[in-house]
Structures are given as C-alpha cells and as structure tokens.
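The UTP binding site annotation in TrEMBL covers 124, 187, 219, 250, 393. Taken from TrEMBL, the feature substrate binding site covers 220.
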C-alpha cells in the first residue's frame with residue numbers, strides 16, 4: 001500500500017490530490033487515537049495524551065516526507081577540524097580541578113531494550129556479563145568508583161521503556177546504599193500501525209497480555225522529548241549539571257572519559273560544543289554503522305537506511321567512509337532544553353517494518369538520538385579508540401567480554417596487557433549458542449583466548465574446562481553429530497569437523 005500510495009502520489013502530479021489523501025489519512029489517524037485515549041483511566045490520561053501527541057507529530061512528518069533518502073550529491077567529507085583525533089584531545093591533559101568539571105556531568109544509559117535476541121526475558125541490562133555482574137551492575141560500579149575517587153556526585157539516569165521499567169525499578173532497590181544517585185524516566189509508548197491501512201492496531205490504551213504487540217518504544221531519538229517531558233532535565237539543570245554523556249547500556253566500552261569531558265567544559269578556542277559524537281574507525285565488521293558526513297554545511301549522521309540503493313556499496317566502503325557512530329554522545333543540557341522548547345530537533349524518521357506473531361505486517365516509526373547532531377550548534381566528532389565501542393549484541397560478543405582477553409577493574413573492562421595485538425578476535429558462534437542459557441551450558445569454563453585470531457563454531461559443540469584456543473580455530477559438527485572438546489585441550493590453527501566424542505571409561 002505504501003509503495004502504491006507513493007507511486008500514485010508521484011503520478012498524480014497534482015499536489016492538491018496528494019494533500020487530500022494526506023489529510024484523509026491524518027484525519028482517520030486522529031479519530032483512532034482519540035478513541036484510544038478515551039479508554040485511558042484518569043491517572044493515565046496525562047502521559048498517554050503526551051505520547052499520542054508526539055506520535056501524531058511523527059506520523060504527520062512521515063506523510064509529508066518523500067522517503068528517507070538523502071540527496072547523495074550533497075554528501076561531502078566532513079572538514080578536517082570537525083572530527084578530532086582522540087589523541088589530540090587527550091594530549092591537553094587534565095586540569096587540577098577535574099572534580100568540579102565532573103560535578104557538571106550526568107551519565108545517561110539507554111535502557112529500553114529487551115534481551116530477546118539473546119533468548120532472555122526482561123531487560124537486556126540484567127543479563128550477567130562478567131562474574132555474575134550484569135550490564136547495570138558494571139555501570140553502577142564504574143560511576144561509584146568515579147564518585148569515590150574524585151569525591152564527586154555524578155548521577156546515573158536510565159531511560160527505560162514500558163518493556164523494561166518495572167523489572168529495572170525492582171532491581172534498583174539493591175543499589176540504595178551505593179554512592180550513586182539513580183534516576184529513571186520512560187521513553188514514549190507509540191502505537192504500531194497496520195502497513196496496509198496506516199491505522200493503529202491498538203483498540204485501547206492497555207499494553208499487557210495480547211495488547212503487548214500493539215505498542216512500541218520509538219527508538220532512542222525519543223530521549224530529547226521524554227527527558228524534557230519527565231521534568232528531570234529541568235531538575236538537573238537547576239542542580240548545576242551541564243552535560244549528559246549518553247550511551248547504550250550494552251556498550252561496555254562507554255565509560256566516562258575525563259579528557260573528552262574536559263575538552264567540552266574548557267574548549268581550546270573558548271567556544272563550547274553543544275554536541276559531541278564519538279566515532280571510531282570502521283573494520284570490515286562495521287559496514288552497516290551510521291557515518292558522519294558534511295551535508296548542507298552541517299555535520300550530519302547518515303544511516304544505511306537513508307542511502308539510495310544505488311549507493312549502498314559505496315556507503316559500506318571502508319575507504320570512502322572510514323568511521324562510524326558508536327552512539328556515545330556528549331550533549332549540553334541547556335541546548336536540549338532550548339531546542340525542545342522551540343520544537344527544533346530534527347531527526348530523520350526510520351520506518352521499521354515488523355511482522356507480528358499472527359502474521360500481521362506493521363510498521364513502527366522511530367528516530368535515532370545521533371541524528372539530531374545537525375540541530376545543535378558547534379557539533380564535533382571525536383575519533384576514539386575502538387576500546388570505547390564494545391557492544392554485546394550476541395553471545396559471540398558475550399564470549400569475548402567473559403574471556404581472559406579483558407580484565408575487570410571497578411566495573412570497567414580493559415584489554416588484557418598479555419594480548420600481543422590490540423584487535424579483538426573475530427568470533428562466530430552458530431545457532432546452537434544463540435540463547436544465553438544454551439551458550440552457558442556449552443562452556444564448562446570460558447576458554448583461554450589470549451592468542452586467538454578467529455573462531456567459528458557450528459552445530460552441537462561443547463567445551464570442557466580449561467580449553468585453550470590460538471590462531472584460527474574452526475569447529476563444525478555435522479548435522480546429527482556432536483563434538484565435545486575435551487578438558488585441557490589446546491587447539492591452535494585447527495579445523496575440527498565431523499563427530500568427536502571423547503568418553504571417559
């Protein structure tokens with residue numbers, strides 16, 4: 001329907017006709033949203049209204065825009081000084097009064113995601129990552145360590161979604177005695193829309209039971225409006241806070257960096273940046289990451305979804321677009337307030353198609369937090385070391401961070417000094433390892449991976465205790481067969497295939 005609709009739009013040529021269709025769609029949407037709002041209890045009306053208002057704006061823009069593509073001809077390389085090397089920022093050193101600089105900072109973690117892709121129920125931040133510590137535990141430990149070391153008061157703010165809020169709040173009770181103030185606010189809850197009719201599939205406001213599939217959190221670009229609407233933004237400004245450091249809670253490399261913070265608070269040219277995006281060099285594994293470009297004289301984040309089909313290969317090339325966005329962002333609180341009040345934060349709409357369990361095709365309209373970079377003044381990219389981008393999206397990533405490649409200190413993971421080269425091995429675990437509980441069952445202990453370059457595992461494979469993996473190791477169990485790597489085995493540049501069961505007798 002959407003393709004036919006846009007084809008009809010372009011063929012009709014008459015802007016009047018297009019306008020009529022748009023108005024009809026907007027009117028039908030308004031009628032449906034009013035019906036949904038009418039089912040809200042008195043204590044839900046206020047925030048439901050805000051959510052639906054926000055959704056209406058997004059839907060209006062979705063109907064206005066001519067598709068997501070950027071004009072490829074306008075994309076230029078960013079000017080030299082708009083992306084600074086981290087080494088240059090670090091070389092400035094730190095001032096004596098670093099504590100007073102830290103006291104202006106708030107750490108915000110994006111905590112809206114569920115652990116479903118790793119076979120877990122509940123918030124992803126509650127998955128155990130290292131010595132029984134979850135993503136949330138490690139985050140709290142890092143900030144607590146910072147506050148103790150510098151005698152500061154850096155708070156932690158979690159942006160939850162309606163999917164993660166209850167479970168997260170229950171867990172937060174265990175930190176009540178830690179030296180970190182923890183605040184939460186919820187991102188909006190928007191209705192999924194039927195791909196054919198472009199109307200919401202929800203009939204009322206409830207989002208439990210069979211209605212869970214009717215609603216979605218609209219991407220992390222929602223942070224600006226939700227943070228502002230929650231009242232927390234104003235409270236933090238009133239407390240004298242000036243910058244937030246935002247990152248995904250599953251990026252274990254996203255720790256507070258004092259050199260970047262100092263660069264923001266004490267800029268060398270006296271002119272403060274309102275928005276800093278940490279980027280890092282692409283490897284062959286990162287071809288899909290969004291990249292920073294110069295577009296109409298502004299720094300702009302371009303995501304793969306916005307690239308015209310003819311240019312996708314060029315976008316993925318490591319030689320032309322060398323960096324990608326880590327989603328570690330430093331943003332001035334006063335600028336968020338100013339832009340939010342002027343309704344001037346402009347983010348491209350991401351149309352995310354989904355098929356529900358019953359087979360219904362829906363779309364959800366989303367935005368990405370980094371896309372707002374072009375709305376802020378004096379934005380900057382900082383090209384940081386790869387160690388600041390350590391996301392755990394799959395159990396393959398989990399194996400890396402659980403292994404002896406990393407040492408854990410005060411909640412921060414750093415690459416072991418015993419590793420001879422700074423790159424991380426490429427690990428590909430097959431579908432038998434996708435779910436966290438299956439993955440954990442297949443390793444009696446995490447192998448020694450200090451000298452590993454590449455690991456591929458496919459099929460029904462288990463690892464005994466104290467296995468060492470070096471060089472390139474490929475283990476493939478044929479369908480119906482099982483491979484047990486025995487305890488204490490050393491595999492160096494080996495291919496193991498077929499059927500291998502070592503039985504005790």
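Every residue, even glycine, has its Cβ placed from backbone N, Cα and C.
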Residues 124, 187, 219, 250, 393 [recorded UTP binders]: greatest CA to CA distance in Å: 21
Cβ atoms near residue 393 (UTP binding site) (within 10 Å, other residues, all chains): 14
Spatial neighbours, same chain, of residue 250 (UTP binding site) - Cβ under 8 Å, 6+ residues apart: 113, 124, 125, 135, 391, 392, 393
Other C-beta atoms that fall within 10 angstroms of the C-beta of residue 187 (UTP binding site): 27
Residue 220 (substrate binding site) versus residue 187 (UTP binding site) - Cα distance in angstrom: 8
Spatial neighbours, same chain, of residue 219 (UTP binding site) - Cβ under 8 Å, 6+ residues apart: 350, 352, 366, 367, 368, 369
